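Here's what TrEMBL has on this protein:
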- 1-21: region 'Disordered' (REGION)
- 74-251: domain 'Malic enzyme N-terminal' (DOMAIN)
- Y97: active site, proton donor (ACT_SITE)
- R149, N403, N447: (S)-malate binding site (BINDING)
- K167: active site, proton acceptor (ACT_SITE)
- E238, D239, D260: divalent metal cation binding site (BINDING)
- 261-516: domain 'Malic enzyme NAD-binding' (DOMAIN)
Amino acid sequence: MPAATRPNLPPRQLSTTSGDYCSSNTPEIRKYLGTYGLTPPAVESFEVQSQRCLRLLAMKTTPIEKFQYLVHLKATNVHLFYRVLGENIKELTPLIYTPTVGEACVRWHEIWTQPEGMYLSWSDRGHLRQILDNWPHDVDITVLTDGSRILGLGDLGVNGMGIPVGKLALYTACAGIRPDGTLPLCLDLGTSNKALREDPLYMGSRTPKVTAEQEKEFLDELMAALTDKWPSIVIQFEDFKNPFPAIERYQNNYTMFNDDVQGTGAVIVGGFINAIKASGVPVKDHKAIFLGAGSAGVGVAKQIVEFFKKEGLTEEEARRKFWFVDSNGLVTQDRGDKLAEHKVYFARDDNNGRQYQSLGRLIDYVQPTILMGLSTIGGAFTKDILQKMAKLNDRPIVFPLSNPSSKSECTFEEAVINTEGRCLFASGSPFPAMEWDGKLLTPGQGNNMYVFPGIGLGAIISKAVSVTQDMIYASAESLSTSLNKQEVADGWLYPDIRRIREVSVVVTRGVIRAAQKNGVDRAIELRELSDAQLDSYIKERMYDPYNERENIGDEVNQLIATASGMNGHANGVNGISAGVAHL
Ligand SMILES: NC(=O)c1ccc[n+]([C@@H]2O[C@H](COP(=O)([O-])OP(=O)(O)OC[C@H]3O[C@@H](n4cnc5c(N)ncnc54)[C@H](O)[C@@H]3O)[C@@H](O)[C@H]2O)c1
Ligand SMILES: O=C(O)C[C@H](O)C(=O)O
Ligand SMILES: [Mg+2]
């Protein structure tokens with residue numbers, strides 16, 4: 001076949017990142033692009049490409065090398081990346097997200113190779129709206145961090161960019177938000193991490209973190225700029241050290257939510273509802289100890305209060321079911337230190353002057369049915385602690401939720417062994433299944449990845465003006481109903497992550513219905529749809545990498561179609577795309 005020139009086509013800059021050299025491009029596409037002869041001759045199917053990706057991945061020996069390969073794949077062939085991810089979601093999520101993303105953030109300044117997302121610095125204030133014009137796409141959703149509390153790893157400054165990037169990849173993989181509708185955003189407001197500031201490879205401002213007041217001023221400008229540029233944008237706050245003022249400050253005026261407080265609260269309630277059922281203990285008899293009284297711990301407890309209220313408890317009865325422990329011991333009203341505002345609601349006043357410093361002693365005193373960990377203290381649920389829980393309860397509820405794995409309060413194996421296989425378990429980071437007493441036990445993963453994609457998609461599709469408490473709670477309830485018969489029969493607390501796209505549809509529907517109930521939806525035509533119709537509507541709007549051409553881009557399709565005397569897309573042109581969508 002003669003190598004073709006590019007008849008009737010304007011000059012085009014070829015690019016390695018837009019699929020111009022993709023091995024699935026047919027000879028016709030290669031000719032039109034002028035890449036004929038510049039790639040190996042085979043025209044490859046997705047299966048073959050995928051096989052190569054998985055082999056390449058298997059050749060990488062460390063999680064961080066695998067992470068880097070996947071970053072490269074996303075940058076060079078985005079649809080292939082999402083196909084491979086979608087088909088191997090259980091295996092690959094721990095590589096692009098928690099726990100590997102934790103190590104990637106710690107080493108971001110060493111492993112960075114290519115730009116992803118946007119960085120906005122303190123010195124940019126006054127110009128944020130202008131800078132947003134540099135972003136080349138229309139944005140549906142952004143994940144925003146200042147890097148100040150990355151997982152349980154502390155302040156990592158602009159190294160925290162890995163988190164918005166990872167979360168948004170899950171928005172696409174789990175809820176089908178178009179990749180080019182996502183904006184990872186990292187604020188460069190200085191960092192309290194002295195070692196990073198002094199590291200020659202660090203890529204952020206080498207100044208201490210700005211004050212809380214200055215950060216508010218910056219965020220006020222940013223929220224206005226984002227919404228001016230993209231009026232329907234959904235803004236997710238992530239991994240801020242002190243996120244409490246942000247929710248109160250912005251939730252009524254912007255479509256925003258804080259994933260660590262609200263998303264985490266919802267995902268834990270979702271699994272918790274199932275754990276309570278499985279425990280056999282009536283709601284009124286449960287008592288919970290929380291190790292860690294930070295944004296996530298208090299966020300989770302507040303959502304559980306809502307659940308207890310729906311189950312018939314008064315707010316006062318619900319509130320009194322919690323005992324919080326922070327780095328100074330049991331959170332009480334008479335502890336002698338000034339409690340942070342968010343802890344006051346749960347501070348105990350019935351401790352008779354006793355200040356419990358040790359978790360073990362507190363367990364003896366409270367006799368809890370539930371033990372939650374959001375403390376960032378890896379291994380805090382020791383053998384002794386777990387055995388106490390097992391002695392007190394037939395089915396102790398044990399949720400070590402801190403991330404990444406190294407910060408988990410215990411592993412699944414430790415929990416199973418020390419409770420003789422009886423615990424109802426969910427952890428923030430993934431752990432492998434294990435055999436116990438001839439049975440395969442599978443751990444639940446209580447990670448906000450089960451809900452944030454559906455909260456975001458629900459807010460986008462309903463065009464919500466704000467994200468209400470009812471929308472958050474609806475995501476939890478919907479999640480708890482999304483298990484199939486087999487998962488329920490097997491005693492799982494969360495659905496199989498391999499079904500995450502189906503689960504996200506259920507969560508999205510619940511979120512949209514709650515937006516409608518609260519009257520914050522602007523897409524009011526959706527109110528008329530039945531649940532089945534709404535589900536179809538949601539699915540139709542979800543990005544599906546199998547329906548995308550192999551990265552040849554609309555521009556090239558258009559040119560091919562035009563050159564062939566056809567209108568619109570290249571579907572059917574000389575068989576060019578006949579197979580492309582399903583190669
Ligand atoms: N599973 C999930 O989906 C999920 C979601 C959000 C956060 N998290 C994890 O939860 C953890 C906490 O996040 P956060 O935003 O609340 O952080 P935070 O910094 O606001 O809170 C940490 C809390 O732990 C307490 N703490 C620290 N050392 C302690 C000790 N030795 N004993 C008892 N308490 C101690 C602190 O006093 C504070 O109350 C992180 O590891 C994060 O990765 C998990
Ligand atoms: O990022 C995660 O895996 C969950 C959560 O948002 C966290 O901060 O730990
Ligand atoms: Mg987080």
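Yeah, the Cβs are placed from backbone N, Cα and C, and that goes for glycine too.
Listed recorded positions: R149, K167, D260. Those with a CB atom under 6 Å from ligand 2: D260. A distance of 10 Å separates the Cα atom of D260 (divalent metal cation binding site) from that of N447 ((S)-malate binding site). Of all residue pairs in R149, N403, N447, the annotated binders of (S)-malate, the farthest apart have Cα atoms separated by 16 Å. In the three-state DSSP scheme, K167 (active site, proton acceptor) is classed as helix. For K167 (active site, proton acceptor), the spatially nearest entry among the recorded positions Y97, R149, D239, N403, N447 is Y97, judged by CA separation.
Close to ligand 1, meaning a Cβ under 6 Å from one of its atoms, are these of the recorded positions K167, D260, N403, N447: D260, N403, N447. Neighbour counts were taken as the number of other C-beta atoms within 10 angstroms of each residue's C-beta; across the recorded positions R149, K167, the minimum falls on R149. A simple way to gauge crowding: the CB of D260 (divalent metal cation binding site) has 25 other CB atoms within 10 angstroms, across all the protein chains here. D260 (divalent metal cation binding site) falls within a helical segment according to DSSP. Comparing C-alpha positions, R149 ((S)-malate binding site) sits nearest to D239 among the recorded positions Y97, E238, D239. In the three-state DSSP reading, R149 ((S)-malate binding site) counts as coil. Note: the CA-CA distance between E238 (divalent metal cation binding site) and N447 ((S)-malate binding site) rounds to 13 Å. In this structure, E238, D239 are the binding-site residues from R149, E238, D239, N403 whose C-beta falls under 6 Å of some atom of ligand 3. Here the Cβ of N447 ((S)-malate binding site) has 26 other Cβ atoms within 10 Å, regardless of which shown protein chain they belong to. There are 27 other CB atoms within 10 A of the CB of E238 (divalent metal cation binding site), with all protein chains counted. For the domain 'Malic enzyme NAD-binding' (261-516), the predicted model reports an average pLDDT of 96.
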